Amino acid sequence: MVPQLQSPKRLEALRSPEKENSFPGLEFGSFQRKCAEISASLSQPSLGDRVRAEAARSGDVPLPSTSTVLTWSPSFVLAERSPLQDCTLSPEAPKQRHSPQRAQRAPAPPTPAPLVSGALGVPRAPRWCLPEFEDLRRKMQTSISALQRSNAQQAEMQALRRGESFKEEAQEAKRSKDRHHHKWCAAQAAERAARGAERSALEEAAARGLAALARELLGCRGTEKLRGVLLRRGTQSYLDADVSASQSFEDRQPKLHNTLQQLSQSTERPSLQPGLLSDMSEMYAWIARAISDSRLTVAWKDARDGPEVHERAADERVAQLEKKLAQKELAVASLEHEKRSLRSEVRALQNLVQELRGSIRVFCRIRPPREPTAGGAGTEAQGSRSISLRKPAGDKRHDFSFDRVFSQEASQRDLYEEVEPLIPGVLQGIHVCIFAYGQTGAGKTYTLAGNKRMGEPGIQDLAIADLLKLAAVDGARFDVRLSALEIYNESIQDLLSELRGDPNGPQETSERLEVRQSREDLSASWPSPFGSMRVPGLKSWPVREPPDVEQALQRIASQRHVASTALNERSSRSHCVLSLSVRPAGGSISEEGRREATGVLHIVDLAGSERTKISQAEGMQMKEANCINRSLSALSDVLYALGDSTGNAHIPFRNSKLTYLLQDALGGPGCKTFLLAQVSPDSADVNESYSTLTFASRVAANVQKGRLRPLSRGERGSPASRSCDASPRLRSQDSEPSLPSPVLRARGVAPPLPGLGRKPSSCSITNELRIRS
Ligand SMILES: Nc1ncnc2c1ncn2[C@@H]1O[C@H](COP(=O)(O)OP(=O)(O)OP(=O)(O)O)[C@@H](O)[C@H]1O
């Protein structure tokens, strides 16, 4: 029920304290007390019996037991049809009447009626009544009436209060609605303003665009109309507007096209120039017609093909390509890194192989025969490692073993394959020395220098080409220089010096040079290729490309002393030492004042040993032959002394210019020596071949395999690290074995044990090189 709204005056009257206290009988506490009095009266047994007797007399249904009556009594007093009024019971009462004991044991109290119930009616007159109750009943009726009134007033007051709060809520809701309405209105206004501004901007842009268009088209036939429209609509300012002159009509057109399209879709009312915009589409259509009629020639462009779109697409493409490029560069860098590490690993393994092979290796090569062999005498290859020599009938066969034997069919490339693995080591500072030894005419020059006329390259051509290639592959971080000298009749001459005299006539001999043993001159632009030995005045040519080398080799060939003998048409009459030095670019000197590692490749073409009787040498040639034989003999003395088992032998380096100059290269620390014994298969040369093979096999068999040891910093940069009287081998015994490379360490290759080299085992790895006793 919706409470009736009361006037504030009425509400106030209801709230007043006098009104609340104007019903003294209505106090709930006193009402309860009255009920307690009735209960007390009923609890008297005599009274209960009287009630029952009275009820029986009047013919009413007998009342329940006294205890039940007592339990029920407070409710009965207030019930609408109380037994005190008409003795009717609640629905549960008859059941209890038939089993009074059960009711006594567990009386089920009826649902109590509300103490203050709106359903309380005026009590009817009872058919029977005890006189003691009459007064009480009257009082109670008065109380109930007062209570009912009070109840009604309280209900009214509650309704009034509720109505009041409803009213406040309604007012608050109204206020809130008003607030929201204001906000909503403001938002609507702002949106309208934004749309209007957008529209104005579009109109402004369209007007400017059209004005610019008109300005460009002025002078064209029929554009007066357009201009007229613009002027009529008050857009003179647009005609005079500062429209960028750099913007061509073709650039502006797509923008204008878009603007007009947006304007046509806009639902806002035109604001800027009323009437102008309605003409815009007409004007635009007019322009389009003018163009389609070829009255105007304008290259219309679709907005999608606009320059911005192209530019954006191009930017995106560039960004994509740049990203791809960066990824590729990253991949290349990692591959480069991998390549470098693999290359260094390969080098380390190659070094290991060479170390295990020994620091001096002896090969033998048989040149093709000059004439068909007769009687089985002469030399013959027996497999790849041995050679046999048969002297004329009656003498026994001699067999010799070498690291490798090349038969007369072997090619230059076959020979080079044995040298090739050591070439990369030159870039790491290793000294490689290749000697060609043998009798005159046995093919030494042919093996080393090749045959230019036949287009046959020699070992030196192949090695130098490979070295230059490797130096370039490593990022051109190496400087390469070439020097060449000859030792002719125990005097040293520079083979790269300027030719003197008439080029077509007899040449003057170049200046004679001397060998010096001294401290390394760190101020010199290029270190000596001979280590502690230096040849002041010796020229060195920088070489980068094969043509540079070709030019240098031509000069060397033209300067070298050759003569025709009975055994060789072009017999070399001198020892030729060609040296190729390689060092890191810039030639830096380390912090310790030492020069960075310089690798050297020496190619030594020795003059051929000859028996003057057979070569029929006379005069100058006789003198040359004697000098050649003496220096070769000095070379064998040095090699034998180096292999002395006691290690105390005097090494006669000073006995010839050749050994004195090459003492660092002759199996010194960090050196790798190849001795190439050239022999002839001819029976006529059998004695010379025998002596060559004997010498070479003595070196090969008696010289213990040594380990390749890179020069330490001290040895590399130190001045005259050994005297000519001290054995470099003895010195290296005391030195610490070099640490293996990280790759070898990773592969579990242990460094050689100190002193291991002193064991006479041929397979031991050692720093020593000595002749077995
Ligand atoms: N393996 C070979 N194949 C073809 N021809 C060869 C071979 N070896 C040498 N010859 C030829 O033999 C001749 C002599 O060779 P070469 O000049 O190289 O001998 P050499 O040992 O240098 O002599 P010398 O000590 O007198 O200078 C040359 O004509 C050369 O072409």
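Here the Cβ of each residue, glycine as well, is placed from N, Cα and C on the backbone.
Among the residue ranges 213-261, 311-359, 556-604, the one that TrEMBL annotates as coiled coil is 311-359. In TrEMBL, the annotation region 'Disordered' applies to 1-26, one of the ranges 1-26, 131-156. Proximity to ligand 1 at the level of Cβ atoms, with a cut-off under 6 angstroms, picks out Gly441, Ala442, Lys444 from the binding-site residues Gln439, Gly441, Ala442, Lys444. Residues within less than 8 Å, Cβ to Cβ, of Gly438 (ATP binding site) and separated from it by at least 6 positions along the same chain comprise Lys444, Leu606, Gly608, Ser609, Leu676, Ala677, Gln678, Val679, Thr692. When pLDDT values are averaged over the domain 'Kinesin motor' (359-702), the model yields 82. Around the Cβ of Ala442 (ATP binding site), the same chain contributes Arg367, Gly608, Gln678, Val679, Ser680, Asp685, Glu688, Ser689, Thr692, each under 8 angstroms and 6 or more positions distant in sequence. Close to the recorded ATP site, the chain also has Arg367, Ala436, Tyr446, Asn568, Gly608, Gln678, Ser680: residues not among Gly438, Gln439, Thr440, Gly441, Ala442, Gly443, Lys444, Thr445 whose Cβ is within 8 Å of the site's Cβ mean position. Gly443 (ATP binding site) has a Cβ environment of 21 other Cβ atoms inside 10 Å. Here the Cβ of Gly441 (ATP binding site) has 25 other Cβ atoms within 10 Å, regardless of which shown protein chain they belong to. Secondary structure from DSSP puts Gly438 (ATP binding site) in a beta strand.
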